[in-house]
Amino acid sequence: MKREKAIIRQLISEKKRFEKIKEGDVMAGKDDFGTTKYIIHAEFEANGVVERPDVVGAIFGQTEGLLGDDLDLRELQKTGRIGRIKVEVHTKAGKSYGTILVPSSLDRVETAIIAAALETIDRVGPCEAKIRVVKIEDVRASKRKYIIERAKEILETLIEEEIPETQELVEEVRKAVREMELIEYGPEKLPAGPHVPFSDSIIVVEGRADVLNLLRHGIKNAIAVEGTSIPETIIKLSKERIVTAFTDGDRGGELILKELLQVADIDYVARAPEGKEVEELTKKEIIKALRSKVPAEEVYNELFNKGKSFYEIVREREGKVKEEPQEKAETQPKQQVKVNEKIVKPLPVIKQDYKGFEEFVERVKNSPDPVALLLDENKNIIAEVHTRDLLNAIEENDGVYAIVFNGIITQRLIDVVSEKGVRYLIGAKKANVVRRPITLKVITFAD
């Protein structure tokens, strides 16, 4: 029983392969026709019921001695110049029909002679029969066609797959580098950029993906809140650093912003464009958003007391900036008259001196990175350095008249600059300042 099943399976397999060969898929039969040059395709019809051995016997028997010893089919098959003859037989209405495949490694002329010899067969077994050669297939041409078509497929696959793989490889390397730069900060192990531990200013974002996106574009002082509950680490940092809250442009981002403004000491607020998330922003969009940051006091009042959205506040602010030059021209003379009527006090003098530094204050305020400008008496820039290198820059440069930076003014910094004869120290805000030399004017952005 098992043997019969195995034979049936083999016959079915051979039948399928034979059908493919018959349809022109020569490569399906390459195991049988490995060294074949040509395949003779023939059809036969017998007036009676015959089987495969009858057809094969008729081919060998009736061509024997017909073409001489050199083209005798038995001899050619022994030497491998004629392959195994494939015969497919089916019976209908008392007649037998079928196909014959004769593999040949002879040349074209000899193969054509063999094909013509097949048509001389007039009996198969006890029945009259007729064989007709349908075609002689050039296997090498079929192989060449197969090679061309397959090569096209392989090339298309390479073109489709190779480029994405290269891009994926580059992106994987970049991602690995960014993740290596990513640190865990505080007891809550918040995802943060490598500059957060020592930077005077930090950017608070929503999640790990936001920090990674900012890292990709060179901003390394971001830290994530990782959820709607603001961690104690963020609250503590907000009391010591200049903090910019940078949230998504959706409702979730607005909710986190409101909570940050309530529990932390936020200095500035920036938002992603409406409907976008920080993690998907391009470098240009990130820089634009950070440059458009709004003081937290202004946002707090409008957001909670007047119920306005952040984007309404920004649009109103931009409108006021456009109207400001005209209003200034109209109102300035009146203000000057009022000042002249009052007794001159030190405060207006300091305010007047601060006005001369407005250009530099705006420059450092709009910078996405912590930066310090060292100016001479003529207000020319002597050096522009990262705030972490400020103390070294003060020691290395003489003739520093004023320092403008977007960092925190500390007592240590005041002591160092006063020893170097600096007259103006302008920063974002002060922290724990207990003494100040008379010769040094300490001014914050709020002043």
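Any Cβ shown, glycine's included, is placed from N, Cα and C.
Of all Cβ atoms in the protein chains displayed, 25 besides its own lie within 10 Å of the Cβ of Asp248 (Mg(2+) 1 binding site). Under the three-state DSSP scheme, Asp248 (Mg(2+) 1 binding site) falls in the coil class. Look at Swiss-Prot and you will find Glu206, Asp248 tagged as Mg(2+) 1 binding site, backed by sequence analysis.
What Swiss-Prot records for Asp248, Asp250 is Mg(2+) 2 binding site, and it gives sequence analysis as the kind of evidence. Within the same chain, the residues at least 6 positions away from Asp250 (Mg(2+) 2 binding site) whose Cβ sits under 8 Å from its Cβ are Gly275, Glu277, listed in sequence order.
Counting residues of the domain 'Toprim' (200-274) by DSSP class, helix then strand then coil, yields 31 helix, 18 strand, 26 coil. Summarising the annotation, Swiss-Prot assigns domain 'Toprim' to 200-274.
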